[in-house]
Amino acid sequence: MDTSRKIIHIDMDAFYASVEQRDHPEFRGKPLIIGGDPNKRGVVSTCSYEARKFGVHSAMPTRQAAKLCPNGIFIHGNMAHYVEVSSQIREIFSRYTDIIEPLSLDEAYLDVTENKKGMKSATLVAREIQQTIYRELGLTASAGVSFNKFIAKIASDFKKPAGITVVTPEEAEAFLEQIPVTKFYGVGKVTAEKLHRLGIETGADLKKWSEWDLIRELHKHGYHLYRHVRGRSNNIVNPHRDRKSVGKETTFEFNVLDNRILEQSLMNFAKKVEERLIKLQKHGKTVVLKLRYSDFTTITKRLTLNEYTNDANQIYQAAALLLRESYTGQDSIRLIGLTVTNLKPVYFENLRLEGL
């Protein structure tokens with residue numbers, strides 16, 4: 001395990017909402033929700049910390065957000081402006097390193113092991129970046145500093161907003177033991193439910209399990225979780241990363257014959273895929289269905305849509321059509337997956353968060 005790398009994960013605080021509050025003084029200190037008209041179909045892209053106190057969060061339907069926060073201020077997103085500000089943030093990053101892996105407009109990994117300023121301390125680099133962003137752009141960012149991406153990302157969420165958390169190799173395992181498993185990168189709702197059924201709530205609980213037992217219960221997730229909770233993750237910061245697809249899949253605890261269960265899984269996946277596509281500011285044109293039968297035979301079917309989309313309902317309808325065309329109900333299903341591929345960036349004029 002390489003513990004010599006110096007990795008920073010920078011996560012802007014309520015990015016879109018913070019940009020709007022910076023640019024519009026009348027929004028400051030008020031519950032601001034980016035997502036368009038709550039009387040129309042749409043989702044929350046992000047919201048200010050004032051709105052989060054009411055339980056509002058990203059990817060929530062705007063109508064639900066309005067019920068939780070009736071005095072919230074709902075506005076449309078100005079994606080062109082957010083892209084411009086994101087570029088300004090990226091330029092600040094580039095003053096320190098060229099090894100930058102963006103995850104979305106508002107977060108990125110930086111490898112500052114050999115940084116342009118010759119600074120030995122990654123903590124000082126992170127703090128200087130935070131100060132520069134605030135001084136030049138009037139925005140706050142949170143930072144996680146560690147020796148790998150997995151820990152740095154968890155750490156950046158530890159002291160939001162505007163905080164910085166440093167986890168050294170010596171502190172890594174103790175730090176991870178206190179973290180709820182739901183905060184582990186890659187643990188979604190389905191995996192979290194499985195972990196909770198097994199009595200695994202925190203990293204400390206997870207660490208009690210053997211590698212073999214975790215793999216038996218959670219398959220590939222178990223393999224990764226066994227390593228992650230011990231700080232073993234050597235994924236490099238990849239400046240050339242460009243996501244080609246977004247998808248979700250699950251292996252059922254028991255083989256499934258019921259079409260209703262399969263369709264519900266696809267609906268849940270479609271919502272998760274929509275959330276991720278919006279976060280990435282992308283939409284796709286090809287929907288792919290994956291089925292693995294009880295005898296481990298695997299098939300994939302794909303459907304290319306007439307238009308690009310990041311709408312959960314459209315994605316689900318395409319996947320459900322593929323399911324009806326390919327599944328007879330005679331053989332039980334072990335695994336089902338849904339992927340959207342053929343991606344391209346969403347331009348601000350047709351972004352779904354505007355509630356169009």
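Just so it is clear, glycine is given a Cβ too, placed from its N, Cα and C backbone atoms.
Fair warning: this is a prediction, and the values are worked out from it, not measured in the lab.
Annotated features in TrEMBL:
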ACT_SITE  GLU107  active site
BINDING   ASP11, ASP106  Mg(2+) binding site
DOMAIN    7-188  domain 'UmuC'
SITE      TYR16  site 'Substrate discrimination'
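Here the features listed in TrEMBL are placed on the structure.
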| residue | record | DSSP class |
| --- | --- | --- |
| ASP11 | Mg(2+) binding site | strand |
| TYR16 | site 'Substrate discrimination' | helix |
| ASP106 | Mg(2+) binding site | coil |
Report task. Grab the pLDDT values for the domain 'UmuC' (7-188) and give me their mean, rounded. Result -> 94
Query - Cβ atoms near ASP11 (Mg(2+) binding site) (within 10 Å, other residues, all chains) - result: 21
Query - Neighbourhood of TYR16 (site 'Substrate discrimination'), C-beta criterion under 8 angstroms, separation at least six - result: ILE34, SER45, THR46, GLY77, TYR82, ASP106
Query raised in the report: C-alpha of GLU107 (active site) to C-alpha of ASP11 (Mg(2+) binding site): distance in Å?
Result: 4
Report summary line: Across all protein chains shown, the recorded positions ASP106, GLU107 give the max Cβ-within-10 Å count at ASP106
